[in-house]
Every structure is written in structure tokens, then in C-alpha cells.
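A quick write-up on the structure given underneath.
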Amino acid sequence: MDALLVEKVLLGLFVAAVLALVVAKLTGKRLRLPPGPAGAPIVGNWLQVGDDLNHRNLMALARRFGDILLLRMGVRNLVVVSSPDLAKEVLHTQGVEFGSRTRNVVFDIFTGKGQDMVFTVYGDHWRKMRRIMTVPFFTNKVVAQNRAGWEEEARLVVEDVRRDPAAATSGVVIRRRLQLMMYNDMFRIMFDRRFDSVDDPLFNKLKAFNAERSRLSQSFEYNYGDFIPVLRPFLRRYLARCHQLKSQRMKLFEDHFVQERKRVMEQTGEIRCAMDHILEAERKGEINHDNVLYIVENINVAAIETTLWSIEWGIAELVNHPSIQSKVREEMASVLGGAAVTEPDLERLPYLQAVVKETLRLRMAIPLLVPHMNLADGKLAGYDIPAESKILVNAWFLANDPKRWVRPDEFRPERFLEEEKAVEAHGNDFRFVPFGVGRRSCPGIILALPIIGITLGRLVQSFDLLPPPGMDKVDTTEKPGQFSNQILKHATVVCKPIDA
């Protein structure tokens, strides 16, 4: 960066500081703000807490400042909520008031400034997009129509692992094959198509683009330019890469998937998949073509990878807890005999369901949920919440607080058959809201729960899942991001066939 730009940035910071002090004096409005660490002018708490606002760091701050706290991150107000009662207030009781989504410089690029559903503000556009996406993606009818496909994809995973000679000896990184399964599960619903193998060039191009999109948006690297707009020139290359990637992904979605469905619909006149429903909504003038592409963007980001993370965490915990793995296997043998688990079987397998819930509790894929925002000044727990504050619900801490759970740091599925028997993943208890609650909850829960259950069930039926030779456990170190909680190292797992 040249000296002139640095000089301009420093001058901008000085002017901003003076203006902030003048405005504060002139307005004179005293707000009762939530507690939090004292901040410095302009940067606020940014230099104190840093960029890494992950669920564990925010838990530590909550233990210090309480169930609601305020961080001033440059020009952004960030409110962190860490109690079930306040989570209910944000997600349900004041679901309209706090029902919008925050914007940042990177997500504005990838969502066209909120032309999608997941990251748009609460209002008419969100209601329209939610309605258009619900019927083809998120209903019991969709589950009934697609469950056989999910079961088939899980069967093919088992077959491919069996064929790999390394799987039963040194082990394999099973995530790679499961990633193909997840893409096929969702692309069957979305486009009525699938990829034949992990070597498919189009699959690998799509996967690479989505991985880069995830890296760029999940990184904490760009926070400084979002918190302090005058520093945004330092992000020029970062944002240029985001724009370039967005164009590449949208072109790939359009050329290889959306246009194909248009051609098929013109030839047959039939509606066979979710994209056909969405293109019909475009034909009727309910949405524009950019909205169509942003729906594809949302499914690629919000449905595929998040479910894959949960499956990967579930496998790691089963490997590290062989007695729990055996109980799952014994339950399926008792209930199903030798039959492979199917989606309708899941309700007859309470221990398997408990394993899924315990995975979502301890290893929540979206530990802070998707951030909320209030468009107007609001109130929460008696405190003033300035308009356009970013509201983070630390859902992971709610589900792992030792004041509210028995031995929460243990992977113990039995809790959901004993003291927490009434607790479900759909949010009937605000201590456990892995998919959120209310208007902005994740509608993908209706797909994620059966896919996770089928996949873990089929793997445990078919294999004894073990750590690699010479190891007692697989590494479960976390890799937190802006919105995610992934496993740091994709585990190598020995898959020893049960019938061997």
C-alpha cells in the first residue's frame, strides 16, 4: 500500500473520531446499553477481543459480563445473548423486531445485497422467497418423494467404502465420499440429477468454488474493513476475489444446471424437481432470474455443507466412543433384524435419534445461528438496543452450559432418553435450538435430521468404525468460523466390515 493511501486512512480515522465525539455531545441521548468491556474511540472493543468471535470466546465473555452483553466493533454494535429466556425473546417473542439479517461487505457480494432468502432483511421479499422455497424443498411431501434417493446414496457410500482395500486396514478420509453423497442428495431434489463419482470434473469444479466461497465468507480476516469502513481500502484485493468468485459460481449454476432444467421443462412441460417450481415462479413474475440463482446459492451453502459437518462430527464421536457405537448397532439389529435402516425406521430407533441430537448439541454446526438484526431501536432485558445491531444467540453455549445440563462436555446420547427425554431439535426447549426457532429458523431441519440419521445408521450397520492404527481416538479439535463449527482435521477412519 502506498504512503498516500496510508495518509488518507489515518486522516480518515482522525476525522471520524472527531465527528463521533461531536455527534455524541450534540445528541446527548443517554441509552441504557447492555454491559460489556469498555472500548476505545472508533475501534471500540475490536483491539481487545480481536476478530475471532467464535462461540467459545463469546462464552468466556458471557461468564464475565452476563447473559446479555454489548461489544462495540468499530461502527458495529454486537449484542451477544447467552440465556434460554433471552434467546426466546430474540427468536420468538420479538421475532419480528429482531427478525432481520445483518449485512457485511462480503455477504453483500455473495447475496446480491440480500436478493436471497437466508441473508435478506425481514419483510415482503423474505416472505415471498420463503414461500417459494418451502413447497419444493421443505415439506413432508419432499421427504417422502426423496427418501429413497437418500437411502440409495447412503447404500452407494457403503459399497464404495467396501471396495476400497485401504478402508479396512489403514483407513480412509470418508468425508470425501460423504461430500459426494450430500451433493447428490440435494441436487436430486434441486435439479433431478446426480454426479457419478468423486472424480466427476463438474462436481470437483462446483466443490472447489463452494469451498472457496465458504473460506472467504467464514474467515475473520475481513472483519476490520467491515467494522471500520474507512479501512475498507485495505480489503480491495479480498473483495475483488469475492466478486470474481461470485461471477464464476453464478455462471456455473446458470450454464450447467438452471438452463438444463429450462430446456427440459420446455420439452416436457412437467415439474419434476425444485428448480422447476422456482422457474415457474419466475415465469409468473413472482421473482426475477437473479433470485433464482441466489436460491441455488443458498442451497449450496446452507444445506449441503452444514449437514455434512454434522455427519462428520457424528462419525468422529462414534469412533471415539465405541460403546455408544455398539449400542446403536445393537438397537438396529434388534428392531430391524438384517434390514438396512430407512427413513421411516428412524422413529423406531430412539437411541440412534439420541446420537443425532447429542451430535447437534455438543458439535453444533452453526453455533451462533445466523445473526439477527433489529431494523429499529429496540429493547431487550430492559436494555436499549440501537437500530441495526447485530444480535448473536450463542446457541452452542445454551446447549453446553453446565448450569443447565448434566455433564455437558460429555458425549452422552442417553441424556435424551433420560433427563432430557422431552427435548427435541426443533426448538421446544430454548436450551437446545441447533436450527433456530421462529420466523428465521432453518427450514432445512426437515431434510437434515433424516439424512444424518440414515447416513450414520447405514455406516454403523455396515462397519466397525475405528481410529487409524496406532491411535486411540481421532482428533476432534474445532475449526470455528464466522458462522460455522467444523472439525479441524478431516479424520481418517478405519471401516472394518461387520460381516468380515
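Every residue, even glycine, has its Cβ placed from backbone N, Cα and C.
Sequence annotations record features per position, and here Swiss-Prot assigns (E)-cinnamate binding site to Arg213, Ser214, Arg215, Leu216, Ser217, Gln218, Ala302 based on similarity to another entry. In the three-state DSSP reading, Leu216 ((E)-cinnamate binding site) counts as helix. There are 19 other CB atoms within 10 A of the CB of Leu216 ((E)-cinnamate binding site), with all protein chains counted.
The heme binding site feature in Swiss-Prot is assigned to Cys442; the stated evidence is similarity to another entry. Long-range neighbours of Cys442 (heme binding site) (same chain, six or more residues apart, CB within less than 8 Å of its CB): Ala302, Ile366, Val370, Phe435, Gly436, Ala448.
Annotation source Swiss-Prot lists transmembrane segment at 3-23, citing sequence analysis.
Cβ neighbours of Ser217 ((E)-cinnamate binding site) (same chain, under 8 Å, six or more residues apart in sequence): Val106, Phe107, Phe110, Gln482, Phe483. Listed in sequence order, the residues of the same chain lying 6 or more apart from Gln218 ((E)-cinnamate binding site) and placing their CB within less than 8 Å of its CB are Gly481, Gln482, Phe483, Ser484. By the criterion of other Cβ atoms within 10 Å of the residue's own Cβ, the least surrounded of the binding-site residues Arg213, Arg215 is Arg215.
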